[in-house]
Amino acid sequence: MRSILVLVALIGCIAAGVYKIPLKRITPPMIKMLRAGTWETYVEGMRKRQLQLLKEHKVHIQDVLGYANMEYLGEITIGTPQQKFLVVLDTGSSNLWVPDDSCYKEKRPDRCLVSNCDAGLVCQVFCPDPKCCEHTREFKQVNACKDKHRFDQKNSNTYVKTNKTWAIAYGTGDARGFFGRDTVRLGAEGKDQLVINDTWFGQAEHIAEFFSNTFLDGILGLAFQELSEGGVAPPIIRAIDLGLLDQPIFTVYFENVGDKEGVYGGVFTWGGLDPDHCEDEVTYEQLTEATYWQFRLKGVSSKNFSSTAGWEAISDTGTSLNGAPRGILRSIARQYNGQYVASQGLYVVDCSKNVTVDVTIGDRNYTMTAKNLVLEIQADICIMAFFEMDMFIGPAWILGDPFIREYCNIHDIEKKRIGFAAVKH
């Protein structure tokens with residue numbers, strides 16, 4: 001009996017390891033919309049929806065900009081044989097979901113998406129195909145899945161069906177579907193993948209129209225299970241429960257590549273630190289709440305402005321901007337003659353301004369510099385990498401990609417703490 005126990009222990013040790021998933025940097029949809037002149041229309045629609053969500057008590061942190069400013073994507077696979085998906089690795093949410101094969105069918109023609117195909121007699125008379133008059137709500141919403149990788153459960157011999165459904169409200173629409181269980185692999189096929197068997201994931205039957213304008217297929221949530229829709233275990237929690245990692249941690253490194261698109265953008269390291277990109281000294285801060293990666297931010301300063309009011313903050317890999325209270329941002333903007341553009345919800349600043357912001361977490365100050373805080377939209381037109389958080393429920397600050405490009409984030413799931421280490425230059 002003892003020999004069997006020793007063998008099991010040895011197998012567990014062999015199975016545990018450290019894995020890496022490289023990231024691809026894309027231009028955030030927000031930046032593309034600003035350049036195309038469509039951002040203000042997007043913001044108007046988003047604000048109307050968010051007010052409705054607030055009334056219905058459905059607002060989550062991931063709703064703030066509806067993934068309009070996500071910047072880094074990684075590759076995962078689901079099923080056996082493997083089916084590929086590009087996902088946002090998002091510490092601001094907890095569910096893994098990808099489009100299901102049922103989300104789009106070729107038999108639902110694009111001609112059904114014209115305005116004359118609304119329900120009723122008008123549809124029957126004027127629509128180019130009478131079949132479009134049936135289930136018109138579906139016809140109008142399927143297009144977002146058309147060009148996505150979609151999961152086909154019939155093609156996976158490790159798939160397990162469940163009877164649970166899910167729905168997540170975003171700032172610009174929603175995603176909904178049902179849960180399945182299958183083998184999830186973090187990393188591209190043929191690479192050194194973290195293989196997580198029998199993992200819950202969402203199969204989206206519908207995704208908001210906004211997602212049709214993005215490269216992503218789905219979302220890989222990396223926050224805690226308490227935040228998960230349906231209460232299902234996030235894949236990384238499942239991996240830790242199965243003893244697949246050397247340590248119950250993961251490390252995030254984002255590389256500053258300017259405005260380049262489709263290039264290497266950093267790496268997630270599962271089960272260990274990242275000595276190749278992060279300095280050895282790590283300062284940890286205990287989480288105040290283990291739902292998001294939430295902690296106390298003691299103070300902020302920039303040039304002649306400072307405040308030690310103290311706020312709740314989260315680290316969020318799914319946003320290319322930082323979020324902060326309105327009063328704080330307006331005080332910071334004044335230091336650099338920045339102007340708030342209400343219709344855009346953003347702060348315009350001279351591209352030559354050396355915007356720096358220090359935040360205090362625990363006993364340490366962390367500096368964000370102009371290379372990460374001043375974003376060029378067009379020639380001689382720049383914005384500060386911040387948005388206002390005042391209308392949202394929850395933490396007052398989001399430290400997003402501008403902060404993570406300065407400091408590697410080490411997420412300690414077991415000890416419920418987050419660590420920060422300076423990026424190597």
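Cβ from N, Cα, C; glycine included.
Straight from Swiss-Prot, the features:
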- 1-16: signal peptide (SIGNAL)
- 72-421: domain 'Peptidase A1' (DOMAIN)
- Asp90: active site (ACT_SITE)
- Cys103-Cys145: disulfide bond (DISULFID)
- Asn163: N-linked glycosylation site (CARBOHYD)
- Asn197: N-linked glycosylation site (CARBOHYD)
- Asn304: N-linked glycosylation site (CARBOHYD)
- Asp316: active site (ACT_SITE)
- Cys351-Cys382: disulfide bond (DISULFID)
- Asn354: N-linked glycosylation site (CARBOHYD)
- Asn365: N-linked glycosylation site (CARBOHYD)
Counting Cβ atoms within 10 Å of each Cβ, the densest environment among the glycosylation sites Asn197, Asn304 belongs to Asn197
Around the Cβ of Asp90 (active site), other Cβ atoms found within 10 Å total 24
Using a 10 Å radius on the Cβ of Cys382 (disulfide bond), the other Cβ atoms enclosed count 22
CB contacts under 8 angstroms to Cys351 (disulfide bond), restricted to the same chain and 6+ apart in sequence, sorted by sequence, are Val374, Glu376, Asp380, Ile381, Cys382
When pLDDT is averaged across the domain 'Peptidase A1' (72-421), the result is 90
For Asn354 (N-linked glycosylation site), the closest of the recorded positions by C-alpha position, picking from Asp90, Cys103, Asn163, Asn304, Asp316, is Asn304
Cys145 (disulfide bond) has its Cβ surrounded, within 10 angstroms, by a count of other Cβ atoms equal to 23
By Cα geometry, the one of the recorded positions (Cys103, Asn163, Asp316, Asn365) nearest Asp90 (active site) is Asp316
For the recorded positions listed (Cys103, Asn163), most other Cβ atoms within 10 Å of the Cβ sits at Cys103
Whole-number Å distance separating the Cα atoms of Asn365 (N-linked glycosylation site) and Asn304 (N-linked glycosylation site) is 16
Taking only the CA atoms, the spacing between Asn197 (N-linked glycosylation site) and Asp316 (active site), expressed in whole angstrom, is 26
